[in-house]
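One structure is given here, and the rest of the page talks about it.
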């Protein structure tokens, strides 16, 4: 195997070398062989049924030589046509829209430049070969060399040093496969009567808080009805794709076109067996004669779908992402002498080189929230990953979104090349496909609302539509023309034709196609292929044999996976380890959090004495040590659910079984979690003074870690068992509350209510706690110190007659003590008090292992059986229509028909623009980077005149968005140099308000409807004096303009639950247009993600705005020639932020073309100037034409003219008097108007955010109910006295639940605010106040529900003064938690950082409030300042004193402390004075035998020693209010000064 033949096993990652082409008749296919064929028999096996064959092998070689010569000629820039009379039916002349494999091969030389871009070899090469003849063990006798990339590839490769010959690599791979006897995979796709039925037929209203509650209680009834086949809420079936048939042969590419909602995505998914989410799929789909069911079961990884969004694990590098995919798909059968690692290294090198992303190999992939590679590079990672799947049938959904024109063409040609040489069968849907892209396809499928309007040869599609009666639009690209014919607003009929005599409706177009000659031809071709597959099973058997040869040992013949289950586990295990240990921030914060918490807890319980006073606190220390680590595992729940989309896609590629992922993920977490828990245990254990021995410590660590693993498995299981995070969170809140309550710490098992004690035995925490409790107490003996001796001396009360040491008539007041014995065995203490026994330790170990095994089994079962992140088609939900909305929608419908008929046009005459020129001179922008600074923009000049539309274009990463941000004053980091002037003067405070900026990211308040989003923009950004009705009318005009009539009342939502990508983009533009910007309109990629017609509509409207006097600066990625011609002026940037052209485009781009040609770039007559200019300056992966274009621009007369024009514009502007306007303020509206409007929107948003509020209320109800059932109607016993305090302590749990919800909500809302604040819609103070005020109604509702359940359920005092105070404290607790959460969120840049504050705050507040560690037991350091500073101290103090004041206490049997009276004395005489002094009583004062002492007579006796006073409860209330006020001040200040938006 040669160096160029690195991927000799490409057959195992692709399909056969043969490439299917069509002869002029379109009926038959012929095969192009990319490498020598080993035998005539093998050659015949790949022969087309209707195509001609080569006479013999010599003829074959001759043709191959001619093709190679043609390729070489093309590489030299010459044109050499293959013989027209060759046996492969290669036509001599190619028609304008003709697509053939051979013309693609003539362009291979260009692809060699475009996909290599490699630098000269350096000492940092990834592989060893450095000379043309260096050979590795895996190379064949043909020593071709694949040049290697270095970190400087992107720049050096432009100079053409070391070209990467992709054709040679792929062909060599084929030759080596044949030599090794590796079978080829050739799979044609046949679909017949293929029909897809989805949900539809009913308008779904927006869910809100009330409907969520109703659903919760109605859902059980609905499910029961569903069992009997009756569901009134079931969606009605709707045909998404109507029956259609077709064939795509191996080596063919099909372009799928259609307007949004035409069914393109549905076709791509279902044709590749992605059937989840649809109600019904009818018809038949076969793959080389293999039925879709068998294909799904045994060969699922051979038929794959690539979604539009690029969803990867963001913290893995590009190389790691691709290498992982390769590892799971490395075939067993490879070229002799090639190891698995060599194969993976070579394939990785090939893919990085081929896709020109080698310079990003060690850069993390990133996503919308994690900074990584660019969007275009991320798209290429998706392409590489899908290629690694080795699939033979691939479908790509809008894969060029976000790519510039040159890169998009590169991508299309790469698919063409891979399809040709690898024999893949490829379906692609694209928006805005240029002519160069369209020419790569063999066939095209045009869909119109699910009906097939055309399926056949791509070269004949345009003429077919013209033949139907549609007018030819020569300036439109073929792809746009075809999809435009399905759009009633865009299509044009030929002269003398109209909708009455031309197939116009979807049904009519479908019928016309079915009756056409092309359809008949496609039918014959399909039947011939089916007949061939039925008669000759060679292709099918070769495919099955090739798949079988890939499988490793341990993989079943019927399994769709390549490597065994254990191999999958190992591969995933390594990936998860990398994920964990590459997250340096997460690791460091995890260790820091754990150690700091351990230090705090350990210092509170520092060196606990082995005495009676240390018994309860020792149990508290053990409980906290176990509970903290166990609940830390809760983080597994969101992480399990967030990774579903990647898991689902990679499982669809059949990289691994989901169960393998479940097992590997758990194993990979062990090293990190064990290390964290070990350090935590060391600090806590030895600081707390627990039993000092190695065996005791490691037993403690073992059970803490094992309990953590059990809880981790439990939360993972919960995550895979539920489809919605909010549902999982609600379940978790209930289960965690039960687990914590029934651990055995607060309530020993023998004292639990009989109807709930069984929870203790189903609770993993109880077994872990008993084990560490028994491990500790079985090793120690407790000495009774004086404060626990009964009776004892109390000098301050004048009681001094008792022995100084415990005598025979005294006892220790702890469990397990006996009269006269000063020592209490730890075993007796835990046996009597908790029913814990040392003998249970290893029993509990086995039980915990059983729990772990059970949860892991359930997790692996659920993750295999239940759908994990399956993508369903998007649905829209609508605001319920009232009378006003109905009238507006009827008016929109009427006007829509008038617009279609050409009777109406948008009236822009009322727009008021300020005719002021906008100029910039010498503009540079520099940002700080590690180790120095980086210049992103370099000395740029330009201007925008009133009434002009200026395009800003350039390569990805050239600085287009950066320039827009700088010009729009959106940057808040770095240094901007140069002058930015409006009307010849520095920009003023009203500049940002007077400009509109449609950003590339479509960031909106997701709960608003389209109409509401536009209305809020109009209300807050248009001057306040403009009447509301006028603003509303203008919003309706914008809705018409953007063709959003049917979506006007649809909620914006988020992907798969709301508007589609292209509709969301139109809303983004509409929001900015609704502001009626007076100064300038900036748009960043307004047409990205839109189909050609939508893009043209947007640009057409921008032209209308310009005609009304607007100034517009707009970046654009993939304009076709017609779209490009709509712009007046162009600003072109090259990499490095340098301007290479600024000036007029001219009619037919004449001015721009003249400039390019004068500087050495000859523009082909049929080229799209927008694409060619990018290639000329090296914007794509092709080498630039000529020398530095930036230097050429700076030395050009055009540049000098630009500077002169800028000076003229400035002089003219300065000569005019300044027009003073009263509304030139920072904000368009007053503070109160902003507050009122934004508060209304936020209230609506929270009301519609149903799951957010319902989850919060549900948690309060659940905890309140659990506490009530646990402590139901407590009596007046000592035990009940303590339980009252524990019940009150549950009020401190509420802030933990609230913080977990409030912080993400605030931070996500802040993202929307940051976008809107950039446009000066409203102030940060308004944002913070509305976020706070809108939460208050829900805080009140939660407080009422929790109070009613807790207060009256437990049986607290009924007096209104007590109940009223208790409710006020609960209400303030709710408000405090909300303000604290929002303050923490305002101080935090991300949700993760905010979440890191929570453990510190909650642990501190809970420990120091006086319940788990009473104030007298706290170390002096903490007791002096932290206990009085703790907000929960005020909460507990106020509630405990209110509930227990004057509470009578009567001991039950078993609660008395029993000790004998001295001979000759009664119990009253012996202990009466003591009992009176400590607030207890003697139950049998006259007895001379055993005395029964009750520790408490009233509630005061319990809380006074804890330094709690009933008289200070209103002071505590006031101090608690002060904490709320403090949080609000922090919130307002942080919101004002901390935007956390680096731009």
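The backbone N, Cα and C atoms fix where each Cβ goes, and this holds for glycine too.
In the three-state DSSP assignment, the secondary structure recorded for residue 961 (ATP binding site) is helix. Of all Cβ atoms in the shown protein chains, 17 besides its own fall within 10 Å of the Cβ of residue 961 (ATP binding site). The ATP binding site annotation in Swiss-Prot covers 954, 955, 956, 957, 958, 959, 960, 961.
Summarising the annotation, Swiss-Prot assigns compositional bias 'Polar residues' to 18-41.
Per Swiss-Prot, compositional bias 'Basic and acidic residues' is recorded for 62-83 (among others).
Feature annotation from Swiss-Prot assigns compositional bias 'Basic and acidic residues' to 140-157 (among others).
Per Swiss-Prot, the feature domain 'ABC transporter 1' maps to 222-474; the stated evidence is sequence analysis.
As annotated by Swiss-Prot, domain 'ABC transporter 2' applies to 918-1160.
According to Swiss-Prot, the feature N-linked glycosylation site maps to 117 (among others).
The feature N-linked glycosylation site is assigned by Swiss-Prot to 208 (among others), with sequence analysis given as support. Around the Cβ of residue 208 (N-linked glycosylation site), the number of neighbouring Cβ atoms within 10 Å comes to 19.
Neighbour list (residue 398 (N-linked glycosylation site), Cβ cut-off 8 Å, at least 6 residues apart, same chain): 308, 429, 430, 431, 1089. Annotation source Swiss-Prot lists N-linked glycosylation site at 398 (among others).
The N-linked glycosylation site annotation in Swiss-Prot covers 823 (among others), and the record cites sequence analysis as its basis. A C-beta separation below 8 Å, combined with a sequence spacing of at least six in one chain, links residue 823 (N-linked glycosylation site) to 781, 782, 783, 784.
Per Swiss-Prot, the feature N-linked glycosylation site maps to 1223 (among others); the stated evidence is sequence analysis.
According to Swiss-Prot, the region 'Disordered' annotation covers 1-85 (among others).
Residues or ranges marked as region 'Disordered' by Swiss-Prot: 119-157 (among others).
Per Swiss-Prot, the feature transmembrane segment maps to 585-605 (among others); the stated evidence is sequence analysis.
Residues or ranges marked as transmembrane segment by Swiss-Prot: 619-639 (among others).
Swiss-Prot lists 670-690 (among others) with the feature transmembrane segment, giving sequence analysis as the kind of evidence.
Counting Cβ pairs under 8 Å to the transmembrane segment (845-865), the top-ranked stretch among 619-639, 670-690, 695-715, 1517-1537 is 695-715.
All protein chains considered, the CB of residue 957 (ATP binding site) has 19 other CB atoms within 10 Å. Sequence-ordered, the extra residues of this chain that approach the ATP site, with Cβ no more than 8 Å from the Cβ center of 954, 955, 956, 957, 958, 959, 960, 961, are 404, 962, 1133, 1135.
Secondary structure from DSSP puts residue 956 (ATP binding site) in coil.
Cβ contacts within 10 Å of residue 960 (ATP binding site), excluding its own Cβ and spanning all protein chains shown: 24. If you look at the transmembrane segment (1391-1411) against the transmembrane segment (1254-1274), you find fewer than three C-beta pairs under 8 angstroms, all six or more positions apart, and that falls short of contact. Looking at which of 619-639, 695-715, 727-747, 1366-1386 has the most CB pairs under 8 Å to the transmembrane segment (585-605), the answer is the stretch 619-639. Neighbour density around each Cβ, counted as other Cβ atoms within 10 Å, peaks among the binding-site residues 954, 955 at 954.
Every protein chain shown contributes to the tally, and the Cβ of residue 959 (ATP binding site) ends up with 25 other Cβ atoms within 10 Å. Same-chain residues lying 6 or more positions outside the transmembrane segment (619-639) and placing a CB less than 8 Å from one of its CB atoms are 594, 597, 601, 605, 608, 677, 680-681, 684-685, 688, 690, 700, 703-705, 707-708, 711-712, 714-716, 718-719, 725, 728-729, 732, 736, 740, 743, 745, 765, 768-769, 772-773, 776, 1399, 1403, 1407, 1412-1413. Residue 208 (N-linked glycosylation site) and residue 955 (ATP binding site) have their C-alpha atoms 45 Å apart, to the nearest angstrom. Through the fold, the transmembrane segment (1336-1356) approaches residues 1246, 1253, 1256-1257, 1260-1261, 1263-1265, 1267-1269, 1271-1274, 1284, 1287, 1290-1291, 1294, 1362-1363, 1366-1367, 1370-1371, 1373-1375, 1378, 1443 of its own chain, all at least 6 residues removed from its boundaries and within a Cβ separation under 8 Å.
Remark: the transmembrane segment (1254-1274) makes no contact with the transmembrane segment (1366-1386), by the rule of 3 or more CB pairs under 8 A.
Cβ atoms under 8 Å from those of the transmembrane segment (1366-1386) belong to residues 1291, 1294-1295, 1298-1299, 1301-1304, 1306-1307, 1310, 1328, 1331-1332, 1335-1336, 1339-1340, 1342-1344, 1346-1347, 1350-1351, 1356, 1394, 1397-1398, 1401, 1431, 1435, 1438-1439, 1442-1443, 1517, 1520-1521, 1523-1524, 1527-1528, 1530-1531, 1534-1535, 1538 of the same chain, restricted to positions at least 6 beyond its ends.
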